[in-house]
Amino acid sequence: MWHEARKHERKLRGMMVDYKKRAERRREYYEKIKKDPAQFLQVHGRACKVHLDSAVALAAESPVNMMPWQGDTNNMIDRFDVRAHLDHIPDYTPPLLTTISPEQESDERKCNYERYRGLVQNDFAGISEEQCLYQIYIDELYGGLQRPSEDEKKKLAEKKASIGYTYEDSTVAEVEKAAEKPEEEESAAEEESNSDEDEVIPDIDVEVDVDELNQEQVADLNKQATTYGMADGDFVRMLRKDKEEAEAIKHAKALEEEKAMYSGRRSRRQRREFREKRLRGRKISPPSYARRDSPTYDPYKRSPSESSSESRSRSRSPTPGREEKITFITSFGGSDEEAAAAAAAAAASGVTTGKPPAPPQPGGPAPGRNASARRRSSSSSSSSSASRTSSSRSSSRSSSRSRRGGGYYRSGRHARSRSRSWSRSRSRSRRYSRSRSRGRRHSGGGSRDGHRYSRSPARRGGYGPRRRSRSRSHSGDRYRRGGRGLRHHSSSRSRSSWSLSPSRSRSLTRSRSHSPSPSQSRSRSRSRSQSPSPSPAREKLTRPAASPAVGEKLKKTEPAAGKETGAAKPKLTPQEKLKLRMQKALNRQFKADKKAAQEKMIQQEHERQEREDELRAMARKIRMKERERREKEREEWERQYSRQSRSPSPRYSREYSSSRRRSRSRSRSPHYRH
């Protein structure tokens, strides 16, 4: 089998190779015999009798009916022929006034070029009419001279070292002499340039090469063409145009042949190389989208206070009558540098309506109320400090409308705030006492009641809207009321929030308040261990605290909290916040993907079990049907065998005979085959 397959494959390959070679030979043959389409039309005529009947033919050719044309007895025409009226051809006299348009004149000149091109070339080459007619006669008899193709010319050009030698007279052939002649002599004698093979009867189909003509020959050609109705300079211009068109056609044909050569599935690389070669010299302009310039934006200019806090604020309800400047809280009564920075920011904002800002106190820590007087009431994102035992991070978004009178916060100050804050809290202090307090806080000025659930044994001051918070605190028994030790590090968007927090809290809170409330409020909390601690008065509705793992992750990004220094600790940058958020989202997504993968595996296993059960059931059904079919065939065969038997014994019942048939081997039963 293998040898036969190899033999068949060789036969097929030979047929394919033969077919390719035959196709190449056929293409070469057709290329060789291809001619100008103008040469396909040949008109041949001979003298013959129009009438088959001799009497009618004699009557038709009698002098009564026939007459010589233009007095030539050799050329007889019928007297009813229209040429009888052409005995006298008058000379053409052009009209004095030309009524043709310039377009018609241009078309007429082009037509004259097409009509008399051969005659102009013959006149320029000095070929008489008899020579031209004789050349036409030779072409009709033997066909046109086969001109060497471009490939043959290239092959001949490569063999320049070989010398044509004839053994008869032992002289160098005339080809070398013709090659050594200068170009000026070749251009002067047009007959030699037209046809080197036949000098007596030149080939009139060869057109004049315009590029080889000098100025005198060009002028002579144009002068010869003016006698045939062409303007001065038309003939050479149209000759050059024809040559360019022929070159373009030749180039297009070469491209088509090269494309046909590279056609097929396996010649993708050749096609790419051919395309690159064609586009090599061409300058390609860049695409439109690459040329367009991107819009440029000016860098976002931040104020020093804004860049220090790295937060933005948005005021939805500005105070009517004046535009509020955005300032940021930088201190809660800490060191001199922070107080000076706060005073400078307040003086630059120019928002105050009451007293001027309090001068910075050169002393140590100041009470919380005096320190809070240095803050500006604004719609801002506040950045503050935290104590050595506490640092909290909250992100609160508020839109508040406040009124400030004097340098202090008063209980009569109304803040209309709408805040949504998210923070996560965990508190830790020196005394690790865990307590749970449940306090009720009433909001002043018609605000809603709020329940606050806290595990912090604290008495928090301040009236605010409804607040619910859960926090764990290991509260200490010693807190500082204000000054350098108590800092609250937060990033909030609340206009009326001042805080003295002793606890390290990350509470997830969210609150919304539409009622005016005093910024300072008090709340009583029932707790297991009483230890007073001032707390921030913010409008919050807390969510359950985050897990300790999240708190540890957040703690890692902050600097060490064990240093007892009064300087403000840097808060989380937006990139770190985004990184934490992305990490949490990735963890959630990983858990969800893992759960989905497990469910998918369980589902696939369940489907596989169902398919196996279905296949078992189908196999069982097929076996049952096969068994029934065999039983039917066996019964049919027993019935036929019992009819064919000569002496059927009545004592053999069907059961007995069937049991005997079953015991027989399959080789003894020719009719029963499985």
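Cβ coordinates are placed from backbone N, Cα and C, and glycine is handled just like the others.
Annotation source Swiss-Prot lists compositional bias 'Basic residues' at 265-283, 411-443, 481-492, 659-674. Annotation source Swiss-Prot lists compositional bias 'Basic and acidic residues' at 290-313, 590-617, 625-641. Residues or ranges marked as compositional bias 'Pro residues' in Swiss-Prot: 356-365. What Swiss-Prot lists as compositional bias 'Low complexity' is 378-399, 493-506, 514-532, 642-651. The region 'Disordered' annotation in Swiss-Prot covers 171-232, 258-674.
Helix, strand and coil content of the compositional bias 'Basic and acidic residues' (625-641), in residues and according to DSSP, is 17 helix, 0 strand, 0 coil. Helix, strand and coil counts from DSSP across the compositional bias 'Basic residues' (265-283) read 11 helix, 0 strand, 8 coil. Across the range of the compositional bias 'Basic and acidic residues' (590-617), the DSSP-based residue counts are 28 helix, 0 strand, 0 coil.
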